[in-house]
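Pulled from TrEMBL, these are the features on record:
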BINDING   Cys65, Cys69, Cys72  [4Fe-4S] cluster binding site
BINDING   Ser139  (3R)-3-methyl-D-ornithine binding site
BINDING   Glu164, Arg183  S-adenosyl-L-methionine binding site
DOMAIN    51-271  domain 'Radical SAM core'
Amino acid sequence: MRAEYDDMLKKALNGARFTKEEVIFLLKPEKDEMDALFQTADRIRKAVFGDYVHLRGIVEFSNFCERNCLYCGLRKNNRNITRYRLMPEEIVDIAAYAVSIGYKTLVLQSGEDSFYTTGLLCDVIKRIKERVDVAITLSIGERDFEDYRLLREAGADRYLIKQETSNRELYRKLHPGMSYENRIRCQKDLKSLRYELGTGNMVGLPWQNVETLAEDIIFFREMDADMIGIGPFISNPNTPLGRFPSGTVEETLKVLAVTRLVNPLVNLPATTALGSLDSFGRQKGLMAGANVVMPNVMPVNYRRLYEIYPSKICTGERPEACRHCIEGIINSIGRKVSTGYGESPKSLRRGNAVCMMS
Ligand code: SF4
């Protein structure tokens, strides 16, 4: 290993605040330095979270979307997808069932679908919280400050809104009709409302390079994110980016590991997309700095329809089988499923504990 790379990993263990140039350097390990990078990220993860892995059950309640992101199979102009929407009672029932099989956090996720008014979603959140003891993350895209405020008041604890890329030019190319500034505004609003904020990016996007990836990692730090979702870009033939190659597991793991070095206290999922590219992808992620897994809790008949990218794993599994399987995966690498809500350590420090039954 190069002495400079070894020094940089030692600095990470000592809590260094890296510059962009240093992050670029960390993102370019030589072959014989990769294991040391992953092991360092894993040591930092262990020092913060111990051997516990947090599970977040994902409820994909609508695959309608009014946006046209170039990489996404849910985009409005994709006619090769069967659309569905769940009614409020169904969402509440699925949420309650997920809690009954052991989930303490749920992510209510959809495309940007204005069918679900803020009032309707507030009602769903309240009904879930009245019925079961669970932390709720929303992943429903861009809304106004007042909407976010009402949803928080109704009991939403966390919000996931990935930036996908922090590079303005690339963001503009990938998101027709959307504004970089508004995306940032959403994240700042959510922080100001004391949500735990989840952001993130994709690795292997066309026109991306090591410099833009380093900027993403610094961006996560500047945003003071509580959770960072990092997944590979997976090319979907039903989108305008269908002719581009997918990202790789190796590249994604490097970004994941360096993100842990730069953002020691964040919750980092080993994503389903990583598991879709490699049958051991999630295990590899968990051993390269990740501490969260996000299994699907939807009934089987809906799972295949939420097709952001092709070849998604676990689309034929029943939720209880998925839950069992994921616990086996976690135990197989010597880790345990956490029985808590999995708050971010930053959030706990801010005194932002999950507000139950609100
Ligand atoms: S990435 Fe999100 S906002 Fe964009 S098309 Fe897909 S579901 Fe819609």
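Heads up, the Cβ atoms here are built off N, Cα and C, so glycines get one too.
The Cα of Arg183 (S-adenosyl-L-methionine binding site) lies closest to that of Ser139, out of the binding-site residues Cys65, Cys72, Ser139.
In sequence order, Cys65, Asn236, Thr239, Ile308, Tyr309 constitute the residues six or more apart from Cys72 ([4Fe-4S] cluster binding site) in its chain with CB-CB distances below 8 Å.
Proximity of the binding-site residues (Cys65, Cys69, Ser139, Glu164, Arg183) to ligand 1: a Cβ under 6 Å from the molecule is found for Cys65, Cys69. Under DSSP, Arg183 (S-adenosyl-L-methionine binding site) is assigned to a helix (H, G or I) in the three-state scheme. One way to see the shell of the [4Fe-4S] cluster site is to take the Cβ centroid of Cys65, Cys69, Cys72; the remaining same-chain residues with a Cβ within 8 Å of it are Arg67, Asn68, Tyr71, Gly73, Leu74, Arg75, Lys76, Gly111, Glu112, Ile308. Using a 10 Å Cβ-Cβ cutoff, Ser139 ((3R)-3-methyl-D-ornithine binding site) registers 18 neighbours. Remark: Cys69 ([4Fe-4S] cluster binding site) has Arg75, Glu164, Leu174, His175, Met178 as non-local neighbours, by Cβ distance under 8 Å and separation of at least 6 in sequence. Counting every protein chain shown, the Cβ of Glu164 (S-adenosyl-L-methionine binding site) has 23 other Cβ atoms within 10 Å. Of all Cβ atoms in the shown protein chains, 22 besides its own fall within 10 Å of the Cβ of Cys65 ([4Fe-4S] cluster binding site).
Secondary structure at Cys65 ([4Fe-4S] cluster binding site), taken from DSSP and collapsed to helix, strand or coil, is coil.
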